[in-house]
Amino acid sequence: MKPPKPLTLFRNPFKPISTLSPLSSSSSNPQSNHTQHAHIPLSKTHLYSSFFCTLIEAYLACRRFSDATRAFSSMRRLHGLNPDTDGWHRILYGFNASGYVSQVPILYSEMLNCGRTPNVFTHNVLIHAFCKLGLIGDALDLLRRVETDVVSYNTVIWGLCRGGSVESATGFLSEMLKRGVGFDAFSCNTLVHGFCRKGLVNEAQALRDMLVRGGVEPDVIGFNTLIDGYCKIGRMSVARDLFERMRREGVSPDIISYNCLIDGYCKVGDFSRAEALMDDILSAKLDTDSPEGENGCLNLEPNIVTHTSFISAYCNQKGLDEALSLYEETVKNGFLPDVVTYSSIMNGFFKNLKLVEGTAVFREMEKTAGRSVESAMFMKDMLVRGIPFDLITYTVLMDGLFKVGKADEAEDMFETLLRVGLSPNHITYSALINGLCKVGNMKGAELALLYMDEKGREGNVITYSSVINGYVKKGMLTEAIDVIGKMKERDIFPNVVTYGTIIDGLFKVGRDNLALDMYKEMVERGLEVNNYVLDILVNGLRKIGKMGEAEGLFNDTVQRGLSIDQVNYTTIMDGLFKRGKTSAALKVGHEMMENGIQPDVVAYNVFIKCLCKLGKFDEALSFLSEMKALGMTPDHATFNTMIAALCKKVKMDAMFKICDEMKSHGLYPNLITYSTIVGGLCEEGEVDKAMEVLNEMTAFGLRPNSIIHKKMLHAQARGKNADSILQMHEHLIEMGLIPDLDIYNNLVHILCTFGMISKATSVLNDILKRGMPRVCLDITTYNAILSGLSEAGLMKEANEIMNEMQEKGLDPNAVTYNILVSGHGKIGNKKDSIRLYCEMVRKGFIPMLGTYNILINDFSKVGMMIQARELFNEMHKRGVSPNSSTYDILIRGWSKLSNRAEVQRLLKEMDKNGFVPCGSTIGCISNAFARPGQRGHTRRILKSFYERKESERFLHGLFLIDTFPYTDYEAFQAL
DNA sequence: ATAGGGTTAG
């Protein structure tokens, strides 16, 4: 594990960063103390100041701010010129419009100091500047104090809407009427836009309808704003209706109307409708070009905005290559890509982890934009709705660098962005915070949050969800939950992503009940399960043994109309494979392909895992080749799966061969690979060989983990004494193992398993004496001890520990009960196992499948089949699905009682669920039912019959061929 | 006063 990276962010967070020398404050300007100015004849002062004003306007227009401020200083301090009111207005307006808004209030006071009288226009510019600076209070103050017109009010409405306060903005309409200024289409459209931006499109429409009834003229801008509003919330049919209505009402759609619709269709992936609209524009253009065709649609030509919508959507939905070829075509047709086009492409590269190409696009942009002189005009084009091109571009770049794993460079990029004078908005901060969280730098993330706060930027649900994710990934759930509290304080409501993140985290640390509470809360708040949350819940429920509930949820969600995606399919397949329901899993695979979803690397890994599990290594290998042929890159999971399977089958030579193949793919064994191999060798008792592998592993800089610790100690324990176990434990710590609660639980568990109870107790006391940080006896520790005792069959000692635990006030949890029920079950102590089973069920815990299997087996093996059947029904009732072993156990039990009918019924049910009886079950069946002297023969028939069925399922599922008809039980009947 | 690019979970 890498040590936490030093904080490079905010090495000096509060240093003023600016390349500009701000206006005003004359004392800092050496020129200002001169009483004698450069000589300008009095008759020419008007001409000169007018010239300066024009120069300043020009500089501002092309964002050469330092030149503009220098020219202003020169005019005022060097030449002592005082422009007339018109001149001051031009400067004020220029600064305000160019984006260098912070200077407007300063200029305004200087204007007053110079004896010029402000009028409505002056104040409107100032109000506008206040609004842009987020100083709504100052804007409203001014509005109260000075002469106003409709523009002043419209500006304030705009400012309020921009800050999200649409309700108070709407309130100004009545004040406008009262004051006799009246409102106009500007007021209306601004408010409509304000509502739309918050997603309140219905409210926007209602307001507009009302104002139109009150006499406001419906115009193209109002229609466009509403159309765009509907597009943005994905309600394309309503947007389209409005578009048609607009034509009917005699308002001609313009290119913006078309662009809104096109972008909307692109975003929902309806490219054919988007393209049809593009064709409409082109044919309308042809009509206008031809002398006779005049359809009223002037200036209807696609522009770079139209094309960028397509390019961007292609990037996100069709893939980078498609986007790039569209981009090339656009350029070839003479459209000049602008900053948005470039940023989209750059983003596409980074999202596809193409660092070199992404950076190259950025350099190209820099080059084009920085080519000064005449490129000044180009820079102006790069201004998009008043946002300097750099902010989003830099955000894309920074985010991209984080995504490709260049966290240091990403942080540098953030500093650069500050250095060039950009002020980050909440999205930039969110991207930064997310990046820091992803590299685990939570301190940096918290600092960035504070910094953002100080700069007056408010985080949104995405910002905080990123932080939550950061904590969740570190297992710091308490901190994650605290963030939710912080969000609620700020009226930022967790959304489905926030809930998904936290639910996932809670399941992963085993706090299942809290996870389910969160899920409940989410549903109560009216949030709907999506593909992500479905997957999180299915995985979580599966993990805690509530497979029945998982399946129920899955089916409910499908019923509700959610279309299952690739990940959902893969998870379900994996779940079914793990439960041995091979054919059901393959059916899902079939369904997935029928729905046009191609299996990806993960799905292939699931197939390969299943093949391995069934011992079909050759087929697994052919899947590996197939993956490569399809251009997919096998990953660590692919190889680790095969390695694990070969380890289990004790085919260590083949396993090492796979390791070599993995290396030939440029993939090096990771911690999972090593744990698997070490585990495999340990199972074989090859402790020395395992240690050799561990030495290789540490040479690669990997530390042993708790899995390795467990396996090594277990292997070492066989036939040895407690001291040698402790020696191995110490040795692993020397190799870099970090001793935590898990590790001590392992140690205690193993000592108990091998009956070294007193040694275990002394280790425990030792830990307590040494005061291991964060190590305290919890239910997990007790479960570890109980599990060890249980495995060793020492149930008397287990009962004593259980009593001690309860005296200390620790309540047994689901894990404890599963351990104890199984423990008593395994030694045939039916009285206690059933007593504890009843107790756990009464407390609402659901026994795991394994626990049921042990219980059923305990009754079944002594012929108590009525009780076994009762337990089997109980598990059904509680939503626990049987696996292959459950059926094997029952069939063997009934076979011993020669109950042909039960055996037939169970075989049929087993088959329906996609299971096949194992070898020993087949043995039991033939022993019970075959004619004397025919047992071996019958066993062979049965065996080949079930093997054939298994392979047919494969063929049926994987290669989609029809299974040839056979009578299910012909072999059985033939007995 | 209206259109295209950037931030979150399996």
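Just so you know, glycine gets a Cβ as well, placed from its N, Cα and C.
The region 'Disordered' feature in TrEMBL is assigned to A:1-36. The feature compositional bias 'Low complexity' is assigned by TrEMBL to A:18-35. According to TrEMBL, the feature repeat 'PPR' maps to A:149-183, A:219-253, A:254-288, A:390-424, A:425-459, A:565-599, A:635-669, A:670-704, A:778-812, A:813-847, A:848-882, A:883-917 (among others).
Long-range neighbours of the repeat 'PPR' (A:425-459) within the same chain, counting only residues 6 or more positions beyond its ends whose Cβ lies under 8 Å from a Cβ of the stretch, are 4-5, 7, 9-10, 13, 134, 391, 394-395, 398-399, 401-402, 407, 410-411, 414, 417, 466-467, 469-471, 473-474, 476, 479, 490, 492. In this chain, the repeat 'PPR' (A:883-917) touches the repeat 'PPR' (A:565-599); three or more CB pairs sit within less than 8 A of each other, excluding pairs fewer than 6 residues apart.
Over the repeat 'PPR' (A:390-424) the predicted model carries a mean pLDDT of 91. Same-chain residues lying 6+ beyond the ends of the repeat 'PPR' (A:848-882) with a Cβ under 8 Å from its Cβ atoms: 545-549, 551-552, 579, 817-818, 821-822, 825-826, 828, 830, 833-834, 837, 841, 889-890, 892-894, 896-897, 899, 902, 913. Broken down with DSSP, the repeat 'PPR' (A:883-917) shows 26 helix, 0 strand, 9 coil.
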